[in-house]
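Inspection log for the structure reproduced underneath, given as structure tokens.
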Amino acid sequence: MRPQNNPIAERADFHQEGHHNTGHLGHPEQAAGTGCESDSEGPAPATEKKSQDAAARQDPDPLANEEEREPPLYDEKALPLAGNRLLFQAITRDQDGNSVCLTRTRSSQPSPPTDSENLARLGSHMSTDPDGNVYPEGGLEAYLVVFGCFLCLFGSFGLVNTIGTFQAYFSENQLKDYNQSTISWIFGVFSFLIFFGGLQIGPIFDAKGPKGLVLVGSTLVIGSLIALGFCTEYWQIMVVFGVICAAGTSMVFTPAVANPGHFFFRLRGRATGLAATGGSVGGIVFPLVLDALFTKIGFAWSTRVLALICFVSLGAGLMLVKSRLPRQRATMENIMPDLRILLEPVFACTTLGIFCIEWGLFVPLTYISSYALHHGMPKGLSYQLLAILNVGSFFGRWVPGYISDYTGRFNTMIVTVLMCLLSVSCLWLPANGNTAMTVSFAFVFGFSSGSNIGLTPVCVGQTCKTENYGRYYATAYTVVSFGCLTGIPIGGSILTRNGGEYWGLITWTSCCYFGGLVFFIAARVLRVGWNPFKID
């Protein structure tokens, strides 16, 4: 039959498929039947081969002078073969009017796309790390994981941002017979175990994924909050809140911070910052909830309501978090602290800078509510100050991280540490109970201190190669965790020695941030020199 479309063009398209085609000469009736076979099914008869060779010698380009020839007969059909393959037969004529059968075979299933085809299909927003792992850098699945991490940090690190509320309540109720230095050890141990526990939990996350850790950690957090309502003695609160709740928080916190890195490489800081805002939102919600419930239903039922909120958020987060990259077996060399690398000047200065700022970070978080109560502010406002601080921290978790991609990590860190120093020494110290200055301090310090958690690990990564990051991170935070352990008790001891006056505690916090500023400036100068416009 003669197709309505241009048969010469169709024949040209057929030859351009890139397959190996074979021509067979014969009558049209024979060519259209089952006698038309490919080369793979047997050699062509000698007479047909001679005719082919003669035709090729007479006209090497059968498509030349196509307007002078009669359009050839052209037809194509596909016959099924075994193994999910198809036999394509096309019948046409050569210049002498003889019919030619062209055959080719191919799989009926599409060939699997190559890695380059996958990258082209999925878009230029994807990225690849030095090990060849491909990251989607977005998409529904990736952002659902980020949201799951947000919920996990809401129910875990939100408690860290609420320790000021617990400290103020314990000081006036269950532990009113204890001095501030003794009470502060509960929160010092709590902060220490969260960071120190990450050294063991991180490798488990790499080897097993996040779900098991989040499940066990969530159980410990929820159970400890329920049990906290029954605690009346110092040792009970230390065990339940300072140890068990801290261990559960660390099991949830560490995977939730690391999990976005399975879906984001180039935008990892941004994604992790979005997830980290969950802790700030928890720090806003929990103090307000506890303030509203303490006077209405009492401490025990208030902690049970808090446990219910954590149950919902951590349960939803557990369903959303997932691992994506190949599981890795941790080695002792990659995860264990190596104190020898503290001899590297840049890393040593960076570690000491983080130590100093973590030394001072938890002091305002712990004592700002009791500071307000001491200066006669309304009890409701004293708990709300912690929520205001966490509102500032909400923006401080991701804005500095976003800016640091353009201005440099150490440059951004120096600016935020300077803001922390100025807010403590110029707002909190002279406030002396002034409500406006205290509220202003809470917001400014919350914003500037947000980078103390989110940006410091990135600065550690700037001091080493990617393959050595685990070892450097473990070494740095082994040292830093002891700053978390001792910072709050030192502040409490100063507060006790000053007869309950807060100026000494505030001065101690200023000194911590001044030390952190000096060490971060030293680390930057050792890395890139004194040029303030050079991006590190």
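Residue numbering: from 1, along the chain as shown.
The backbone N, Cα and C atoms fix where each Cβ goes, and this holds for glycine too.
The feature compositional bias 'Basic and acidic residues' is assigned by TrEMBL to 10-20 (among others).
What TrEMBL lists as compositional bias 'Basic and acidic residues' is 47-60 (among others).
Taken from TrEMBL, the feature domain 'Major facilitator superfamily (MFS) profile' applies to 141-527.
Taken from TrEMBL, the feature region 'Disordered' covers 1-78.
Distant neighbours of the transmembrane segment (142-163): 136, 187, 190-191, 194, 214, 217-218, 221, 245, 248-249, 252-253, 255-257, 259-260, 262-264, 271, 274-283, 285-287, 290, 309-310, 313-314, 316-322, 362, 365-366, 386, 389-390, 393; these residues of the same chain sit at least 6 beyond its ends, with a Cβ under 8 Å from one of its Cβ atoms. The feature transmembrane segment is assigned by TrEMBL to 142-163 (among others).
Beyond the ends of the transmembrane segment (183-205), by six or more residues, the same chain brings 160, 163, 166-167, 170-171, 175, 213, 234, 237-238, 241-243, 245-247, 249-251, 253-255, 258, 323, 330, 335, 337, 358, 362, 366, 470, 473-474, 477-478, 480-482, 484-489, 491-493 to within a C-beta distance below 8 angstroms of the stretch. Sequence annotations record features per position, and here TrEMBL assigns transmembrane segment to 183-205 (among others).
What TrEMBL lists as transmembrane segment is 212-230 (among others).
According to TrEMBL, the transmembrane segment annotation covers 236-259 (among others). Only residues 6 or more beyond the boundaries of the transmembrane segment (236-259), in the same chain, are considered here, and those with a CB under 8 A from a CB of the stretch are 145, 148-149, 152-153, 155-157, 159-160, 166, 170, 174-175, 185-187, 189-195, 197-198, 201-202, 205, 210, 213-214, 216-221, 223-225, 227-228, 230, 272, 275-276, 278, 314, 317, 321-323.
As annotated by TrEMBL, transmembrane segment applies to 271-289 (among others).
According to TrEMBL, the transmembrane segment annotation covers 301-321 (among others).
Marked as transmembrane segment by TrEMBL: 341-361 (among others). Residues 195, 413, 417, 420, 424, 449, 452, 456, 459-460, 462-464, 471-472, 475-477, 479-480, 482-484, 486-487, 490, 508-513, 515-520, 522-523, 526-527 of the same chain lie 6+ residues outside the transmembrane segment (341-361) yet bring a C-beta within less than 8 angstroms of a C-beta in it.
Sequence-distant contacts of the transmembrane segment (381-400) (same chain, at least 6 residues past either end, Cβ-Cβ under 8 Å): 161-162, 164-165, 168, 270, 273-274, 276-277, 279-285, 287-288, 290-291, 364-365, 368-370, 372-373, 412-413, 416, 435, 438-439, 442-451, 453-455. Taken from TrEMBL, the feature transmembrane segment covers 381-400 (among others).
Marked as transmembrane segment by TrEMBL: 412-431 (among others).
Per TrEMBL, transmembrane segment is recorded for 437-460 (among others). Tertiary neighbourhood of the transmembrane segment (437-460): same-chain residues 269, 272-273, 276, 279-280, 347, 350-351, 353-354, 357-358, 361, 364, 368, 371-372, 375, 377, 385-386, 388-401, 404, 409-410, 412-413, 416-417, 419-420, 423-424, 427-428, 430-431, 469, 472-473, 476, 520, 523, selected by CB-CB distance under 8 Å and a gap of 6+ residues from either end.
Only residues 6 or more beyond the boundaries of the transmembrane segment (472-496), in the same chain, are considered here, and those with a CB under 8 A from a CB of the stretch are 179-185, 187-189, 191-192, 194-196, 198-199, 202, 335-339, 341-342, 347, 350-351, 354-356, 358-363, 366-367, 457, 460-461, 463-464, 502, 504-505, 508-509, 512. TrEMBL lists 472-496 (among others) with the feature transmembrane segment.
According to TrEMBL, the transmembrane segment annotation covers 502-526 (among others).
Distant neighbours of the transmembrane segment (412-431): 353, 357, 360, 364, 396, 400, 403-404, 437-438, 440-441, 444-445, 447-452, 455-456, 459, 503, 506-507, 509-510, 513-514, 516-517, 520-521, 524; these residues of the same chain sit at least 6 beyond its ends, with a Cβ under 8 Å from one of its Cβ atoms. Summed and averaged per residue, pLDDT over the domain 'Major facilitator superfamily (MFS) profile' (141-527) gives 89.
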